[in-house]
Amino acid sequence: MSHRIAIVISRFNEKVTSGLLKGAQAELSERGAPVADADIFEVPGAFETPLVAKKLALSGKFDGVVCLGAVIKGETAHFEYISEAAAHGLMQVSLETGVPASFGILTTYTAEQAFARCADDSHNKGREAAAACVEALAALAKI
Ligand SMILES: Nc1c(NC[C@H](O)[C@H](O)[C@H](O)CO)[nH]c(=O)[nH]c1=O
Ligand SMILES: CC(=O)[C@@H](O)COP(=O)(O)O
C-alpha cells in the first residue's frame, strides 16, 4: 500500500541534514513512497519541527511525517533543551494526531558523530526514521 509521506527538515547544520534527507528519500522510494519536492518542508531548527509536523499531520493530506534535524552540543545547555523539546514534541504529535511523526533528529556530542550518521550508508539516521514511519503505518493498519 502506497502512503503519502511528508518530510520536515531543519536547516540548522544543513551539511548534516542534507545527508539525512538523501537517506530518507532513498528509503521511502525503495519502499514505494517517494516524496515530491512539494512535500518537503524546511524549518529553521529542530525546535520548530513539532509545530510543522503537527500541522501536516492534521491536514489530512499525509499518512506520516518524517522529521529530520541535527542538534550538536555546543558550550551551553542549549543542546539538552532543544533535543528534549524536539523529542517530546514529536512524540506528542504522533500521540495526539494518530499520524506517525518519526524522530530523525540527531542529538550528538560532536560533529564527527553527526557526520557518521548522515552518510550514504546503513548508519544513515534519515533512512532509519523513514523506515520507522512506514513500519509504524503498517502496524497501525493491522489494528
Ligand atoms: N543549536 C541547534 C539549533 N538551534 C536552533 C533551534 O532549533 C531553534 O531554531 C531556535 O532556538 C529558535 O527557536 N537547532 C538545531 O536543529 N540544531 C542545533 O544544533
Ligand atoms: C545546540 C546549539 O544550540 C548550538 O548552537 C550550540 O550552541 P551553544 O554553544 O550556545 O551551546
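Each residue, glycine too, has its Cβ placed from N, Cα and C.
Under the heading active site, proton donor, TrEMBL lists HIS78. Annotation source TrEMBL lists 5-amino-6-(D-ribitylamino)uracil binding site at PHE12, ALA46, PHE47, GLU48, ALA70, VAL71, ILE72, PHE103. Taken from TrEMBL, the feature (2S)-2-hydroxy-3-oxobutyl phosphate binding site applies to GLU75, THR76, ARG117.
Distribution of TrEMBL features across the structure.
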{"residue": "PHE12", "record": "5-amino-6-(D-ribitylamino)uracil binding site", "Cβ neighbours (10 Å)": "17"}
{"residue": "ALA46", "record": "5-amino-6-(D-ribitylamino)uracil binding site", "Cβ neighbours (10 Å)": "27"}
{"residue": "PHE47", "record": "5-amino-6-(D-ribitylamino)uracil binding site", "Cβ neighbours (10 Å)": "19"}
{"residue": "GLU48", "record": "5-amino-6-(D-ribitylamino)uracil binding site", "Cβ neighbours (10 Å)": "20"}
{"residue": "ALA70", "record": "5-amino-6-(D-ribitylamino)uracil binding site", "Cβ neighbours (10 Å)": "28"}
{"residue": "VAL71", "record": "5-amino-6-(D-ribitylamino)uracil binding site", "Cβ neighbours (10 Å)": "27"}
{"residue": "ILE72", "record": "5-amino-6-(D-ribitylamino)uracil binding site", "Cβ neighbours (10 Å)": "18"}
{"residue": "GLU75", "record": "(2S)-2-hydroxy-3-oxobutyl phosphate binding site", "Cβ neighbours (10 Å)": "6"}
{"residue": "THR76", "record": "(2S)-2-hydroxy-3-oxobutyl phosphate binding site", "Cβ neighbours (10 Å)": "8"}
{"residue": "PHE103", "record": "5-amino-6-(D-ribitylamino)uracil binding site", "Cβ neighbours (10 Å)": "23"}
Most Cβ neighbours inside 10 Å, all chains, among the recorded positions HIS78, ARG117: ARG117
10 Å Cα neighbourhood of THR76 ((2S)-2-hydroxy-3-oxobutyl phosphate binding site): matching binding-site residues from PHE12, ALA46, PHE47, GLU48, ALA70: none
Candidate recorded positions GLU75, HIS78, ARG117, pick with smallest Cα gap to PHE47 (5-amino-6-(D-ribitylamino)uracil binding site): HIS78
Listed binding-site residues adjacent to ligand 1, that is, members of VAL71, GLU75, THR76, PHE103, ARG117 whose C-beta is under 6 A away: VAL71
Where VAL71 (5-amino-6-(D-ribitylamino)uracil binding site) sits in the secondary structure, as DSSP reduces it to three classes: strand
Binding-site residues whose CB lies under 6 angstroms from ligand 2, from ALA70, GLU75, THR76: GLU75, THR76
